[in-house]
């Protein structure tokens, strides 16, 4: 809902038009270099390190995991679950804003119709491939980055193989569907029952 609403608001602001700019400083964020490395890569690494420290070296990361695993238990333990959930959304929004600025700087414009289209699905899939659960709970930022690299490799492989780009979304949707099934409590209980039956 939020990703559709956000794109809709952007389309209202731009009236569905592509807004271009000619700022070398902003363009540097998307296609420049810093210390011989592409600027987007440097920004991504710095952001990753900061968020890793923020979520692993402070109590917030533990609170986020606790709320994701069992929000009722976390609330009974004295955690302000509303604040934690709000902060999680804020952190996610900050990351999305950084990514949006980099994309806009790369294409030198704001295209609310096509820029970053379905990138939200890639973000979800990266976390899932990195071992994160769609049901909430523990997360691993480094493995999520590995998941993002795997997705990019998959995208490149499909394009180089001559398949239509639309196949990317089909493959990703199937992967997400399979993960949803595997991570569902019903499937886990069936799997545990089968294991118990095999032991007997």
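Cβ atoms are placed via backbone N, Cα and C, with glycine included.
Bear in mind that TrEMBL entries carry predicted annotations, made automatically and left uncurated.
Residues or ranges marked as transmembrane segment by TrEMBL: 34-54, 83-105, 117-134, 141-163, 169-188.
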Beyond the flanks of the transmembrane segment (141-163) by 6 or more, those residues with Cβ under 8 Å of it:
48, 51-52, 55, 122-123, 125-132, 171-172
Can you work out which residues elsewhere in the same chain, 6+ from the ends of the transmembrane segment (83-105), have a Cβ less than 8 Å from its Cβ atoms?
26-31, 40, 43, 47, 51, 54, 60, 63-64, 67, 74, 115-116, 119
